[in-house]
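For reference, the structure is listed below as structure tokens.
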Amino acid sequence: MEKLLHFAVHFLFGDGTMSGEPVPPIFLNCSSIFIFGKDEKYASCPIENGTDPCYLLKEVHRAKEFRTYFLAILPIVLSVIACLLNIGYLMVQLKCFSQEKTRLVSFKKRQVFLISRSLSIILANLLFYVVVIVWKANGFVYTSAMIFILIGGINFLSVTGTYIGLTILLYTAIAHQFWYMAKLTLTHCWLIIGLIWFLSTASSVCIGLWGATLFYPESAPISCSFESCQQPLAIIIVVGLSICYGTVIVLYLAMMTRLHRLVRKSSLVQSRSKSNSMTAMKRLGLNMITFAVGSVPILIVCIVALANLRDLSSLGEGCKSPCKTFLHSSLFVEVEILASVAAIVWIIAMIADPVINILADKKLRGLFAKQITRVSQRIRRASTKSTISTDDQ
């Protein structure tokens, strides 16, 4: 199927395959995958004895295909969906937050954390487009790698902090109702959100500046040798992310175990409050599943990158050239796979998060449906007006 697609593209757009141009001798055994007008530059590269040039050429093509489809097109499509869903979800949240009927302090306390999470996801998607623009303009260099790591760090740490806050907030609301109602104010929640964002941004800037040196040590503004800097830094980053992930999961499991015991005791909570608490726990549980499933592949990618750090860091050494891409094509394939898996899983988790919250809440589900109806009506009106104005001309 792959060869058929290549043939169709070559035939339709004319890359020289049908022109009778000679294939360089080094690629005679793989003339079927050789692309005229693009692959000639690899023919003069110094290949070590015993290395199959056809294998390297095939890996170059694999790396480019991964880069085009799984690191650009698919993530961008998913990112647009995630951005639109989270913008719609944020609008519904803000509407619920400002409505007269829902001006309950307890409702607003939880909603503050959900609004923060939506803003984090939307910001991450917008910055992802910046990464794509920088990447297409200058290639994947230190700057684009730094922004990519910075985005992932801010999103991961801010969402991690938000889930920790939501878990503790829910536990406090059930286990310590008087303190939750009388002592914990909405201002405290805003201050906690501000602290989460400050710590997440500060940590992510450090992770981005230093983390990008792991892959582009020569072009980085910070000197960082492999033994004394890169390897210890990579271990610290991976261990730190693992601790954050483990803290959220362990804290959630411990709190939920305690809350289930408290909620089952009818003497502690009224039946209606008990039902609301169970619903809130189920919703938070679904969010935690999304967080766990979306974060595990990213942690695996970080661990794999750490295990192969020596080889991966060599890609950033020296000047970028076609021969460097060709001779290290297998490593480039590995990098493209790691980056694409991390990006796709990360964005899918962003899509699942608002969907779960909308489906789990009747009020939000109804408001979101009304919002979609209004937007579709506005689009129809705008298209009708444009059609009428075109007919008049």
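The backbone N, Cα and C atoms fix where each Cβ goes, glycine too.
Database features (TrEMBL):
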{"type": "TRANSMEM", "residues": "69-92", "note": "transmembrane segment"}
{"type": "DOMAIN", "residues": "88-357", "note": "domain 'G-protein coupled receptors family 1 profile'"}
{"type": "TRANSMEM", "residues": "112-135", "note": "transmembrane segment"}
{"type": "TRANSMEM", "residues": "147-174", "note": "transmembrane segment"}
{"type": "TRANSMEM", "residues": "186-213", "note": "transmembrane segment"}
{"type": "TRANSMEM", "residues": "233-255", "note": "transmembrane segment"}
{"type": "TRANSMEM", "residues": "284-307", "note": "transmembrane segment"}
{"type": "TRANSMEM", "residues": "337-360", "note": "transmembrane segment"}
* Asked: By Cβ distance under 8 Å, which residues at least 6 away from the ends of the transmembrane segment (233-255) in the same chain are close to it?
  -> 156-157, 160, 163-164, 167-168, 170-171, 207, 210-211, 213-214, 224, 284, 288, 291-292, 295, 298-299, 302-303, 305-306, 309
* **Stretch-level contact, the transmembrane segment (284-307) and the transmembrane segment (69-92), CB cutoff 8 A, at least 3 pairs** => no
* Which of 147-174, 186-213, 337-360 shares the most C-beta pairs under 8 angstroms with the transmembrane segment (69-92)? -> 337-360
